[in-house]
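One structure is given below, encoded as structure tokens.
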Amino acid sequence: MLKLFSAFRKNKIWDFNGGIHPPEMKTQSNGTPLRQVPLAQRFVIPLKQHIGAEGELCVSVGDKVLRGQPLTRGRGKMLPVHAPTSGTVTAIAPHSTAHPSALAELSVIIDADGEDCWIPRDGWADYRTRSREELIERIHQFGVAGLGGAGFPTGVKLQGGGDKIETLIINAAECEPYITADDRLMQDCAAQVVEGIRILAHILQPREILIGIEDNKPQAISMLRAVLADSNDISLRVIPTKYPSGGAKQLTYILTGKQVPHGGRSSDIGVLMQNVGTAYAVKRAVIDGEPITERVVTLTGEAIARPGNVWARLGTPVRHLLNDAGFCPSADQMVIMGGPLMGFTLPWLDVPVVKITNCLLAPSANELGEPQEEQSCIRCSACADACPADLLPQQLYWFSKGQQHDKATTHNIADCIECGACAWVCPSNIPLVQYFRQEKAEIAAIRQEEKRAAEAKARFEARQARLEREKAARLERHKSAAVQPAAKDKDAIAAALARVKEKQAQATQPIVIKAGERPDNSAIIAAREARKAQARAKQAELQQTNDAATVADPRKTAVEAAIARAKARKLEQQQANAEPEEQVDPRKAAVEAAIARAKARKLEQQQANAEPEQQVDPRKAAVEAAIARAKARKLEQQQANAEPEQQVDPRKAAVEAAIARAKARKREQQPANAEPEEQVDPRKAAVEAAIARAKARKLEQQQANAVPEEQVDPRKAAVAAAIARAQAKKAAQQKVVNED
């Protein structure tokens, strides 16, 4: 009795809420064996035939490829695609693919050569000696994905299951009307399917393996039971026919009684599900060493003369398959990829077959009936009764129409499996699944935009934080640099601190006064002298720095000279425009000329004492000399135009002439006695000597043109001139001696 109850509990099945029983229409195509289709002339292989990102291209236009050769590289969730036959890559461009939107996706276009040559195949007949990681990597690199309709990469799914999988379920229900691809595959290739199941079990090591199949497939059930006759590790469960019992959550509940939580996965409850076609593809990848390049596709509908199931190469145009099956289109013929409830209408027939293509339905006009006009919802709740996911389709419909995305999300629109049961039973002919698909797409787009905005905000905040850190570090550096004394001031600060400490120490010492003795102030005097010497040294250093800064800038010197010349020109113009009655004092003019010459000599000395690297422009020196000569001539004219009543002292003029000649001789001697390092411009010295001689001649002329009424003693004048020359010579010699 205990064994009877155990057997009953072992084979127990559960039933889910909702569901419908539409006409099956499977007998049109499940009665004939699988057959091959002739190769098409051109194949279009989309790079993305799965959930996830497309792989990286590893071929280019003009390459020769063989069947099974990878066209892309698979990394992470990127699943590679392979060449369905041998040929030449003629283009890599966007092409419309099998999708409700009919958007173009990047595809590899291959022209077949007709030879259909395989790449070298390396099968692992002894797969049990391989590690779990090696088997998963081989399955992934051979492009195996879920062939039941989702297209999730099988290798990633097996890797994510890990060691927590207790139950492996093989989905053989195939509940949607018209589709018989899995049914025919189990009838013709039952042994290979079971071998693929054993490979999956070897990878996952589950406690139990369950095959769920509907009772409307008697031939497939018989073939599987025959293959599993000697096996005790795999259990075949026959379930009642009900749509959509082939859904992942529904079949999991039917076989185990466990429900997948909202927003969760079946692996959260220790269950992993694979399709019958996926198990067959795993067997071919591991044991035969063949990547997935073809799959079983059902060709059915009253518009097809020879319905059945065929081995269709991936990338084959839909038109080629339909024409091979005797397609007879009507005026408004439609072709549906998938079943009548979950499939979608193709915009044109040039789209290729992909990994998730399981059926091509070409119904006649009478087969599906006339399209009904959409009417208003009457709140009958028939859709809620039929929903297998226990949702409220009428509420989701209103939320979808009203763009109320938050409420739709709260009502678990993500759990909708888009089975179409609600639309099937709706008396108002509302295409509820279309509304739900659009709403889920909009929610996904909003979440993607929010994710991008959050990432952009995070990048902005990180940048702002980095800028704030850099600013704080910069301010800290500036603050420390301002507070920290310079290296040259550290000694002065240390000396000041030492003096303060010394004074404090002296203040604490008692003062002893002895009668008849003088106090010893030598230490204090020495300290005072040291401070004075230090202050003088510091002042001298600052003075040298300022002088160096002043002398070292030749441009500043030139600017100052130009300003002085401009001021001199302005004074000359003012004197020239003065009233005629104004009396001109020749001595004052001579003094001003001497001051101007002194300033000129000072500027020349500053330029001469500049850095050795400074180059003297001879043209500029010539221009300055010419300007000086012009000023001298102007002063001579002013003195000549003075009033004749002005009396000139010939002795004073003689003395000035002698002094001028002495200065001229001194200038001539200075270049010889100058330091060898000093660079002297010979042209400039010659110009200055010429100017001095001209001034001497001018003074001699003034003496000759003196007023005749004045009585001059020639002997006194000669004596005075001789004395002046002697004094000038003596002063020049004394200055030379001092300079040496």
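Each position is counted from 1, following the chain as shown.
Keep in mind that glycine also has a Cβ here, set from the backbone N, Cα and C atoms.
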- Item | Residue among CYS380, CYS387 sharing the [4Fe-4S] cluster 2 site, where Swiss-Prot lists CYS416, CYS419, CYS422 as binders | CYS387
- Message: Please identify which of CYS328, CYS426 is recorded by Swiss-Prot as part of the [4Fe-4S] cluster 1 site containing CYS377, CYS380, CYS383.
- Response: CYS426
- Message: Mean pLDDT for the domain '4Fe-4S ferredoxin-type 1' (369-397), rounded to an integer?
- Response: 91
